[in-house]
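Database features (TrEMBL):
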SIGNAL    1-19  signal peptide
BINDING   136, 166, 237, 238, 239  substrate binding site
ACT_SITE  136  active site, charge relay system
ACT_SITE  166  active site, charge relay system
ACT_SITE  239  active site, charge relay system
DOMAIN    288-374  domain 'PDZ'
């Protein structure tokens, strides 16, 4: 059974960095510091016998939580089966009991187009009508309707959205609206009680509660967000709704669940509110989100890779590719470097790098400490700005079959790639992996991979590969291009 991270309402290889905004966030509702709600069972920091009572929280914050409906036109039957999208509260029912009649059609069969409604949640952050929600709730929606708890309805304008963080900002024409108070997610601790208010399956103003399971979670394809993991029950319709601490302050935006079935299974994720406000600030002031760009692709350092590069323990972010003419290239960063520190902040995991510099602006000057061939090296870089349309280009695959060479100890058959095909895939050299077995197969190499390096030595020819292997002892790390990805694969030679 496939395990997947799934958006609740509706996923460049370059490492990019979310930048901050110099604007003071005056358009958010600011009030006197929130007084802690009186929660039975919490007595002077001691664990009481009673579970928390969230009634005061709901009474105070609930009116600022809204239901959002976005009309989407031109959705294919393949996506919504004529019964709405996954955002529709009844999608699962129809998907189970009314299968899509077009599922068995031919691959080239044109799919009919339908209208559908995306349901989600949101919350009011200023009394003059600014509302935050998830980008995937409102993207492509027109019109967008906001429904208050008192049944008032407003047509909302989409001020802007940021797909990379899944944050959207709406505006309704109203005044004196109830607002949420904004808390500090940095102060959250695992084990702390939290609550969510939203409209799961369209049941508006539903309240669920649980605890913080972990902080700083990194999910596939979610480079920019250090998610708050909770066990609060989150279902389709909750997306974009607020996550509250016990003071009744918003600390996150409910966004995703981890599920085998598509329904809630005890693991949910929220976007930290400080990151979301940073994004909303920039959208409101500039109409877009500016991001710095370092221009590298990185991967996690495993125990095997740490041994291959001479580190005593796994840490840091392993650079697998440096974009030409990027800030990283100008700073002297090389493939095979392991970034251990950014300014004065240690990088324990590859996910730390984008998260630690997430509030830096393009043009920010940073100092990187990298591990290179057994020594630490300091490099100074000035961040560039990522273009919103930057995308990774597929590398393609060589299709000629030059003379093959067998490395029996590795379980590997490779061949050199002709110059014309190297130019086509944007490489100076490399070895095409034709067949794998034994050690190579167990290590994760695949037919079609292109070997471009051993540890930190570039490999362009068979002779160079042989020499690099002869100079290696114990563990090695092969730098491999796989379609549009670049990664290191460790091999234990002994």
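Easy rule for this one: first residue shown is 1, then count along the chain.
Cβ atoms here come from the backbone N, Cα and C positions, even for glycine.
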What is the total of other Cβ atoms whose distance to the Cβ of residue 136 (substrate binding site) is within 10 Å?
24
What are the DSSP helix/strand/coil residue counts across the domain 'PDZ' (288-374)?
17 helix, 29 strand, 41 coil
Please report the number of other Cβ atoms within 10 Å of the Cβ of residue 239 (substrate binding site).
32
I'd like the Cβ neighbour count for residue 166 (substrate binding site), meaning other Cβ atoms within 10 Å of its Cβ, all protein chains included.
27
Among 237, 238, the one of these binding-site residues whose Cβ has the fewest neighbouring Cβ atoms within 10 Å:
237
